[in-house]
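Undergrad: According to TrEMBL, the protein carries these features:
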type     : residues                          : note
ACT_SITE : A:96                              : active site, schiff-base intermediate with DXP
BINDING  : A:157, A:184, A:185, A:206, A:207 : 1-deoxy-D-xylulose 5-phosphate binding site
DOMAIN   : A:4-249                           : domain 'Thiazole synthase ThiG'
């Protein structure tokens, strides 16, 4: 059972809610994925607008935990205010903390990230930091109070999959007691299974499901891949080797020559 | 009084933040508000008096990854 900030969860898939072809498709995708946590965001509401209200109602009907994000923030101060406004709307201390540092790669600004995390943790937030696979940054995030780390495996929306497997496995080794969630760059269920085989605790993804030809089916595929990867990790995987090892016993075989 | 609402300058005579939301026809319990970079809780909007040049952010839920 996965535990994130003392919440017990059966599913190890966290699903984003953006870019689906319709609200109905989003709802079906969440249902078929088995996800118990969905990510949401905040944006400026136009005067008299009802857009936010319709989405708010949809999320309520999904009856899942909500993880608001601070997407689009480029400084600690922006992210902190967004987190507080998210808590006001959604009534949760959970916050997916994103502080973007690079326009093209959407790489996190880890300096602002750590500062924002320090302040938000001190104010009682349960911070889920979107970070890199840098061990020192991970240590600093934990030292300021983060009890979950969410490294990228490739840039957001890139669908590139794990670009630096050894860094991800090193991070797993460095933080054996901290839940680790791969947060960005997953494109295919096999990518998700791979990072779960590394021992990651969960996967957060959005685009790979939302823009699939059949998002609900893809959501289900990801759910199964993540379960498979987790089960494999727990089951003791065979290590690769260079030469063949016969799988069929040769002892007692017939001799015909 | 000039106010900067979600990045746009508008002229409005609302005295409080709650009054401003009413005048501009914002409604619902899904909004969060900030003035000059500080969160204003919904229960404090009626008491929060606005000043000329205040920067007001009004946010609502939307889809996110």
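A Cβ is built for glycine as well, from the same backbone N, Cα and C atoms used for every other residue.
TrEMBL does not curate its annotations; it predicts them automatically.
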Undergrad: Hey, does DSSP put residue A:207 (1-deoxy-D-xylulose 5-phosphate binding site) in a helix, a strand, or just coil?
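TA: Reduced to three states, the DSSP call for residue A:207 (1-deoxy-D-xylulose 5-phosphate binding site) is helix.
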Undergrad: Applying a 10 Å Cβ distance cut-off over all chains shown, what neighbour count does residue A:96 (active site, schiff-base intermediate with DXP) have?
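TA: Result for residue A:96 (active site, schiff-base intermediate with DXP): 28 other Cβ atoms within 10 Å.
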Undergrad: Other Cβ atoms within 10 Å is the metric here; tell me which of the binding-site residues A:157, A:185 scores highest.
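TA: Result for the most crowded candidate: A:185.
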Undergrad: For the C-alpha pair, I'd like the distance in angstrom between residue A:206 (1-deoxy-D-xylulose 5-phosphate binding site) and residue A:96 (active site, schiff-base intermediate with DXP), rounded off.
TA: 14
Undergrad: Quick one, of the binding-site residues A:206, A:207, which Cβ has the fewest other Cβ within 10 Å?
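TA: Comparing Cβ neighbour counts within 10 Å for the binding-site residues A:206, A:207 gives A:207.
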Undergrad: Counting across all protein chains present, how many other Cβ atoms fall within 10 Å of the Cβ of residue A:184 (1-deoxy-D-xylulose 5-phosphate binding site)?
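TA: Summing over all protein chains shown, residue A:184 (1-deoxy-D-xylulose 5-phosphate binding site) has 25 other Cβ atoms within 10 Å.
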Undergrad: Averaging the per-residue pLDDT over the domain 'Thiazole synthase ThiG' (A:4-249), what integer do you get?
TA: 96
Undergrad: What is the separation, in Å, between the Cα atoms of residue A:157 (1-deoxy-D-xylulose 5-phosphate binding site) and the residue listed as 'active site, schiff-base intermediate with DXP'?
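TA: Rounded to a whole number, the Cα-Cα distance is 17 Å.
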